[in-house]
Each structure stands twice: as C-alpha cells, then as structure tokens.
Amino acid sequence: TASSTANTVSLAITWLTGDFFQRKKLFLTSVSIWIMCSLLSVLLGSHSFLIFVSFRSLSSSATAVLGVLAPVMLAEIFEDRALGIALMCASASDFLSTTVTGIFSSWILGSGFPWQSGLIAGPLMAIIPAFGILCSSLIFRKANICAQKWTIGRSFINAFGIFSIKSYTLLIIGMALGMFNFNSMMFWSPTMILNAWTAYPDSFVGLSYTAVMSLNSLAQMVGSLIGLPSFLWFAQ
C-alpha cells in the first residue's frame, strides 16, 4: 500500500514537471534514488519495519518513474519499425529479469540465506550500467527543455486528441484491470505454490521449491517471448 501511494505521487509529479528536465538527468536521478533507497532499506531497516517500508516505498517510486521514462527515451532514439523492436526487447528484458528474480528468490528461500540477500543483488548490479550511462554523452539525444506551461487540463486535452474520449477511457480501464490481475498474480502466486509444495510435496514429483519456481518462471518467459513477436507482427 505504501509503495502504491508513493508510485502514484511520483508519477503525478513526473507528469506535471517532467518536461522541464532533461531525460538523461531525470533517468540517472531516478536510478540513483532507487539504488540508494534499496540499499538503505536493508542497512537501516533490518530492525525496524517502518524504516524498511519507508525506504522501499521511495525506491519503488523511483522505479515507477523509470518505467515511464524508458519508452520515452527509446522513442527519442528509434523510429518506425526499429522503435517497435526496441520496445519489444525492453519488454523481453523485463520478463527475463522477473524470471531470474523469481528463481533467485526461491533459491535464497530454499537455501537458508538471509532474506536481505534477495534485495541487494539488483541495486548493486545496476551500479555498473548506471555509471556507464553517466560517463557516456552519446547514448541519448539531449531533450530540449519545454518552455510551454503544462497543466493537467492541457495534458488531458492532448490525450483526448490522440483517441476519442470513449476509446481513451476504455483503454485506461482495460490497463487498470490488467494491472490488477497481474499484480495480484505476482503477489499471491509464490505464496500459494510454497503452501502447496509444503503441504503436498508428493504432488510435485520430488522437485525442490527452487525447481518448481524455476519451471513456473521459465514457462511464463517462454509464453512472453512467443507472444511479444506475435503482437509486434500483428501491430505492424
């Protein structure tokens, strides 16, 4: 709940003020906040749940901003079919990281390692590419700072100019319901599988919990890798 609230606030701020900042600076700032807050949540929040939740919420809000910036920055670099392929590869990387995260987390749970181990791997590994982006001046084109005043009303008018009001409303409702289903599945699925594996181990033909989660994650990844190119082909 705290993360969802922080995400909503950060997205609203980005919506209203994002055009006044260069994309690269905003991207690197979000990455830095995510890395710093993720590490602080483990270091300072190991004995205080409130501190842990607070820092994790801030790191989650930074990742929400990254999720908005990534497609925009890709659109500044690529065009036409190349843009579709770039967006498909970005989505595939998200599914791949989710798969690796599920396997890694289940391995930590089954091996008896401290729970903090699953929270520091991602931020630590992100330091290297973030440093590379910081040192490079050729990866992203410099975005001009928008001098026009943007308001909530103007943003809605621009959005309705792309679609009709009816189609835009249905699109938002469909995305909301889809994310509700996706987040619910991601939240409850590992717990349900763990409970079933603990209560009825014979049903899993002797497989360990790590193996069960790995097979489940791989099946989801294969379905995504098949569906993404098919969707791209259909859209084009």
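If you go along the chain as it appears here, the first residue is 1 and each next one adds 1.
Including glycine, each Cβ sits where the backbone N, Cα and C put it.
Annotation source TrEMBL lists domain 'Major facilitator superfamily (MFS) profile' at 1-236. Sequence annotations record features per position, and here TrEMBL assigns transmembrane segment to 26-52, 58-78, 85-108, 120-140, 160-182, 217-235.
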What residues elsewhere in the chain lie close to the transmembrane segment (217-235), defined as a C-beta under 8 angstroms and at least 6 residues from its ends?
84-85, 88, 91-92, 95-96, 98-100, 102-103
The transmembrane segment (58-78): which same-chain residues, six or more beyond its ends, come within Cβ distance under 8 Å?
3, 6-7, 9-11, 14, 18, 23-24, 26-27, 30-31, 33-34, 37-38, 41, 85-87, 90, 123, 140-141, 143
Report the mean pLDDT of the predicted model across the domain 'Major facilitator superfamily (MFS) profile' (1-236), rounded to a whole number.
75
